[in-house]
């Protein structure tokens, strides 16, 4: 049986909020089986809990944000959630003392390191996967995203940026998910932005914590970061990283193929909502270890500390 997972013990870190520029402290704590991922705003009195569910995603401009019925928000969850998804963590209590998750270096890599350093604990209940039975598709103009049946988790993703540096890079990628492939090929890809947008955002008191320490920054012609790119195709890989995080608010790892063209946070969330609403298009399944699709098989000692 493949079992549910949580962290072995509490781990804490500090960072900067991308939009506020303020210091943020975040803790990740173990949680019991079938708990899911729950985030808590500890800076409020009383503290406010928000479960990481698709219908709690109510803001998708520049990031993915959970917002409860009272308007309490936790923004920029996608990179942390990509790490949780990539390492197969089902249950965790995440406490944060600000309205946004710290941006760290703009990728999922610091979260992967944090989670692997504290260790991942198998629990005493079967892990449930969301298996796609029928194709679900959403569109917005020429942008689209779909989930369709596949025995594993495959991503087929394309971007289309009219920028010389991005156009020179590979803008299409197909990958079969595994934890090792995620950590090696996806987790280090950083968010990227354009100088012209950053100037506008800062004029509106946004992106105040953004810098070349936590983003790939481009002018009209080139990458401005002195050290350049981490991957030749870092742009499409970061969009895949975002999608991993955005899809994880489905509540379970997905068994299926995710295909997308020019999608972003809004369309990713629309896809998850459309999927969950069409209950005959999916089923929850568990696997014996020797029966699991290769995407979800865990090599001995690869993740658990």
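Every residue gets a Cβ built from N, Cα and C, even glycine.
Quantities reported herein were computed from a predicted structural model and do not represent experimental measurements.
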Residue from 79, 163 that Swiss-Prot also lists as binding Zn(2+) with 238, 242: 79
Under 8 Å by Cβ from residue 238 (Zn(2+) binding site), same chain, sequence gap 6 or more: 107, 189, 190, 191, 192, 216
Which of 79, 265, all recorded positions, has a Cβ with the fewest other Cβ atoms inside 10 Å: 265
Whole-number Å value for how far residue 79 (Zn(2+) binding site) lies from residue 265 (active site, proton donor) (Cα to Cα): 12
